[in-house]
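Right, one structure below, let's go through it.
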Amino acid sequence: MDIGPKDKISNLPEALICHILSFLPIEDSALTSVLSKRWRYLFAFRPNLVFDDSVCLRPPCGHGVIPDYVTSWILNVLERGVLDLDLQVNVNGVRLPSKVFVSKSLVRLRIESGNVRGIDVDDVFLPKLKSLYLHTIMLGKGEDCFEKLTSGCHVLEELVLNNVYSNVWNRSVSSKTLKRLTLWCTESYDKNPHSVLFDTPNLVYLKYSDYVAAKYPKVNFSSLVDATIGLAMTSDQDANASYDALVGNATDFLMGICNVQILCLSANSLAVLTFCCESIPVFNNLIQLTIKTNQSVGWESLPALLKNCPILETLVFEGLLHMYTIKCGDVDGCLCKYSGEVPSCLSSSPVKVLKILRFGEYGIVNQIEMIKIFLETMPHLEQLTVYYNTPIGGDLIEEVSSQLKNFAREASPNCEIQVIPDVLS
């Protein structure tokens, strides 16, 4: 009777062996090629291949890889019907081929680089692509680069463009299939785009950061539910900002997102509402609002914004910081108590849940006073949670909690108050 060891794995079907190899690091699965003639090329047929030059080049090549080789590798996998392509390119001299946007098989495409790489957007034909992620990429010289990207992706559902630019300062995203969109442009360029157009009627999630455009010819977000907005003024606009005249106009864009249910605004967006908006639209569907704050931006637009959220349930402040301005003395020009009167946006507020994140940054005296105003004036408040930016277990948490609970809560006597470490937020 044969009781010696048996190679049961080699008797498995090749498809199953390739599937098993797909769970190993590429360098380990490649080592199986020495087992026998049958195993020699099996690792190359695994459904996922990861090429990392820091692993494959031993000793590391001091001058990197030859740019032409990178192009041929990319074209090779595209011709072989790859479904998921993830390119992280940090090779000097590489200009990615425009054919990276031509594939009948691709379902997911991700291109990321350590610095701006150029891709000429000639023809885009990605009929099966559902997810497209581009990071730090310079698109070609045409005026319709952004439009070409979406028009050539017939079933695209998710589009992420982080620091993606073209030589023409226009941005246009038009797609009936798109559900999630991230358009995040760095502030290092300090320039207003000429035109930004959104025609995405089925979009439900938007993350958008940019300088205020000269115009928004079309903003179609009829299905939008959740939006994170980081609009900003350029340094020139900021220097010329005045209460007497607008230095830009983001009104059309803001009108386009007024049907959202969940909204997060950067501190700079508050400044845009103040100096680049004819009037703040009414957010009739908004139930959760998050406001990010810093010491260089005032709250002049906040009272009008809160007034125009008639069914708001949850209000979140990331910090209670703001720049003190002449409007702080106006009852409807800020939320602080320098006017000596209660802002009507608080006394009529429908908010039930109030959350304060990053509490304690840059001192707590003024922030405690601000929370006291909330407790005294917001009539429907049921829950206040303060996330204290202090080490866990510190006595300060108990002290602040006790102080807040001792405040007179005339407007919301049954409000539950919690103070917890910010690390839990």
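Any Cβ shown, glycine's included, is placed from N, Cα and C.
Under the heading domain 'F-box', Swiss-Prot lists 6-54, citing sequence analysis as support. Per Swiss-Prot, the feature repeat 'LRR 1' maps to 86-113. If you look up Swiss-Prot, you'll see 138-163 marked as repeat 'LRR 2'. Summarising the annotation, Swiss-Prot assigns repeat 'LRR 3' to 185-210. Marked as repeat 'LRR 4' by Swiss-Prot: 264-293. Feature annotation from Swiss-Prot assigns repeat 'LRR 5' to 294-319.
Tertiary neighbourhood of the repeat 'LRR 1' (86-113): same-chain residues 64-65, 67, 70-71, 74-75, 78, 119-137, 140, 149, 152, selected by CB-CB distance under 8 Å and a gap of 6+ residues from either end. In the repeat 'LRR 2' (138-163), the DSSP tally of helix, strand and coil residues is 7 helix, 8 strand, 11 coil. Per-residue confidence over the repeat 'LRR 2' (138-163) averages 86 (mean pLDDT, predicted model). Taking DSSP states H, G and I as helix and E and B as strand, the repeat 'LRR 1' (86-113) has 4 helix, 12 strand, 12 coil.
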